[in-house]
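Residues annotated as active site in Swiss-Prot, with sequence analysis given as evidence: 434. Taken from Swiss-Prot, the feature disulfide bond applies to 366-417, 392-399, 411-490, 450-474, 518-543, 529-550, 563-574, 602-640, 613-625, 939-981, 943-986, 954-970 (among others), supported by similarity to another entry. What Swiss-Prot lists as domain 'TSP type-1 1' is 586-641. According to Swiss-Prot, the feature domain 'TSP type-1 2' maps to 874-922, an assignment based on sequence analysis. Residues or ranges marked as domain 'TSP type-1 3' by Swiss-Prot on the basis of sequence analysis: 927-987. The motif 'Cysteine switch' annotation in Swiss-Prot covers 247-254.
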């Protein structure tokens, strides 16, 4: 049959982490330290001088922190991680630590102890990839550095500190709450540390001065991008004034099944072997803590949302909240969530299918986790799957389901599992709700008397009453019912105490503001609703996304969330900041009710009385009452008349009138069942060969079996002693005397070893009437059979050559247990007493290995002595005095004793005569004077002989305190106050001399020094030793690079040649000149002309500086010019090509005076166009010797000259070819 399941949808919450004071975060802070991928950018806090708060208000105290002993005497200023100093201390040991903070306004003496119980011994974090395990991480004992405790000087105070690097944490008193942090070095100047005489190492400031609203001193950390911001809203999304309810198991009732109406099929290996325990877990472990050894699995989607570096801290934070919910006083039990392992899934795993379909995913996960087992064969009690998908209970797509779990599956190998959707810190409520289903809890208002709208953890919809979640009375009853079954025995395992993986000491709402909580519930664009209507976010967080509408999921803002100016949420109420809200009210028991009527009129029934935790009820996180809610006792123990109907048979007969599978049957008891089923009503139909369990439990007071005093109560077989006291360990001795010593009877023994003919009965022993403790057994396996008859030859066992089956046979006033196996000797056992004489015979079938027998008979005069009536008396038990003198205390407690010998339940004694108990003073006389010595100071030297001292004073303890007295009153001589220490020789060490001067005055150079191995004993002169002697440390460097200053780069000077000048004549033959000039080349590639003497140190290139030129032949006058009225005009031909590409060239053209296309005269000379023109006058580069290996090594070298980087050492060399061309 498929297990029934339950689901829950709860709050999504992402919160705000306050920036640490002056950008200084504690080294061991467990909160996230950086934004996850995809999160908004992280703004840097402003410099310290710009921050408001305690730094500017002066509401701080600079304190010195140091370790002291339990008397408050100084030990050391070195406060390091305590476990790292004492690695031999096991994790399970609760280690004490005493610290003192001393400042100008505060002097705190703290008594601390290590935390425990969240993670189990051997806790590991295992990462699984495609090919299996990728990594396994542990939490080493030395990494646990968290302490809790109180202040000696303040009542009702509490301290929670981390000692990982310095001291960080919170100190709470009735007057104020304080934060303690290491003093950042870069704030020392601002706080005036240098001006003070002492050396404070920490800063202590009130929590009321801590910044609250998001601002310059906060860092927004987004560890998950919520996909719902981009999804369409459900039809029930809340509009302004129309609240949207969150359904834990979805809105469709057909997918919210009821508990199984029939017994589930139980696989042989479904429960641990301890399931066969007969006793109730609640009674066998009444005042003990029940531990749920929990395995947590995180899927791939959730890993992607949070990141591998943050997921472990996030999950442990969630489970820490779950642990607190199960320790809430309203649950009515003492349940501890102990995490045994964390599995991180980076890739899909074979056999595990995770999808939006919650039902299918749960089925796959339950099967997958059932195969997980430790290397030593150990298994977890409970498995939790955390998924980043939006799951749905009835389809493979997102909907309003948050969780799914089988009902009453706890401790089952295949059904103790849940699936939970990640919704931020509200995930803790989902896990608690689904685990509640695993404990057998049903939704409030569904088949029970509790109301749906009370705002409890098991409500069908997620809506806290006044922002407070608790367990309803129905949930408490379901849990009590489950813990009363044998199935819950797996929770009796007691993990060894471990040190707790500590979390940030601040409240969640202080770490994450309301805007961030809205983002996790409604997406990236959501923020706290600020529209014009008043809503109390401490009862329901209202958020705004778009338009003029606000929405809520009826989850209150997290504890510590700012709800107004100088106000915060505490316990569902908006109270003044620093107030704790409503104080917790611890529950107390009401008076016992009267005893109920006896469940039977004879034969031993059960009566009970109860009390309620209602005087008052626990509220606001108060503890539930300790102890049992019900007390049981046996009643009407006299035997029933002989003609009365057997009590179990009467219960079977009640079903005769009820139809079973379509017809009526006559039922009678069937008792051949396993021990764990003795208290179920198994009946067999008369005339048929089938039997059936007609009820899961018989009526209270029904004997577990015919031959046992034990009775069934609530379906559990409870032990009854021979003194007819429920739960008593009293047993009869072999004489049948309750708690006897075997002295009231005579034990008869014998051994029958004769051999006879086969297939005949032979007499072995005659057992008289009244015999007890009868035992007849073969010495070895044989083919013969033990037979029993009475004196009238009536056979009860194996008579008339007929062999009976092994089993229980009732005859002669007692029950005989007959056992026979093919590989075990035959034996017959009975408790007695018998009411007739029995004759034991042997049906001989072959060789006789020997048959032993024994029984007891009462001594004369002891048979009919009636048992004495027990007496019940109060007794006082005093503890040892806490001190031997000087005033101490001792504890006085009461106990109820039977016959002043055996302690029993206190309900048997008269409550009116109950003695007064508590703490009483003792040993008030003054102690004799004695020497009081303090701890030795640190040695003045670490080696070579030093000294240390300690305070020594003569004191006397009087009235719980010590007072100094004259030293003459103490025994002499006085203890030594000074002693030698560290007398061992100092090891040799390296001695390094001063560094020599740098080899270069500019640029990179080298310097050296002398290094030698020398002795370090302070009592002798240092001696040079061979280098091989100094082996404890590496030899210091003898050479190192040095740079005094950078060298100035030389100017890049070079000779440049000018362009050729114009020809000295305009026609015929002339000359041209050019000049060498000194120039400096800029990075951009341009040149600046300098005086020639600047380049005097450079060789001048050998170039031609003068050359001949002939622009055009000079024109000749025509021999004849015709006279006429027309005058010629100047005509010019196109310019010729430039005579040089650089350095100055000449272009020429022909200029003629023409008229009508013929040469003419009369052209005006001053109008004649120019016949030559200078061209390409820019400098020519000096021809340099080309590097045979000059080439480009990258395809982007063309960009180097464009950006003026050819002068760069790297780029100029790698792009040599391109840079050389750019200079042309």
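From the backbone N, Cα and C atoms, a Cβ is placed for every residue, glycine too.
Taking residue 981 (disulfide bond) as the reference point, the recorded positions whose C-alpha atoms are within 10 Å of its C-alpha, out of 392, 434, 550, 943, 954, are 943.
In the predicted model, the domain 'TSP type-1 1' (586-641) has a mean pLDDT of 84. Within the domain 'TSP type-1 3' (927-987), the DSSP-based counts of helix, strand and coil residues read 3 helix, 23 strand, 35 coil.
Rounded to a whole value, the Cα-Cα separation of residue 986 (disulfide bond) and residue 574 (disulfide bond) is 65 Å. For the pair residue 450 (disulfide bond) and residue 613 (disulfide bond), the Cα-Cα distance reads 17 Å. Taking a C-beta cut-off of under 8 angstroms and a sequence separation of 6 or more, residue 529 (disulfide bond) has the following same-chain neighbours: 535, 542, 543, 544, 550. Residue 518 (disulfide bond) carries a helical DSSP state (H, G or I). In terms of local Cβ density within 10 Å, 518 ranks first among the disulfide-bonded residues 518, 543. Classification of residue 574 (disulfide bond) by DSSP places it within a strand. For residue 366 (disulfide bond), the number of other Cβ atoms no farther than 10 Å from its own Cβ, over all displayed protein chains, is 24.
All protein chains considered, the CB of residue 943 (disulfide bond) has 16 other CB atoms within 10 Å. Taking the Cα atom of each, residue 625 (disulfide bond) and residue 474 (disulfide bond) are about 17 angstrom apart. Taking Cα separation as the measure, residue 563 (disulfide bond) is nearest to 474 of the disulfide-bonded residues 411, 474, 602, 954, 970.
For residue 943 (disulfide bond), the spatially nearest entry among the recorded positions 392, 434, 613 is 434, judged by CA separation. When Cβ atoms from all protein chains are considered, those within 10 Å of residue 417 (disulfide bond) total 30, not counting its own. Taking 392, 411, 434, 490, 939 as the recorded positions under consideration, the smallest Cα distance to residue 474 (disulfide bond) is found for 434. Remark: of the disulfide-bonded residues 392, 490, 574, 613, the most isolated position is 574 (fewest other Cβ atoms within 10 Å of its Cβ).
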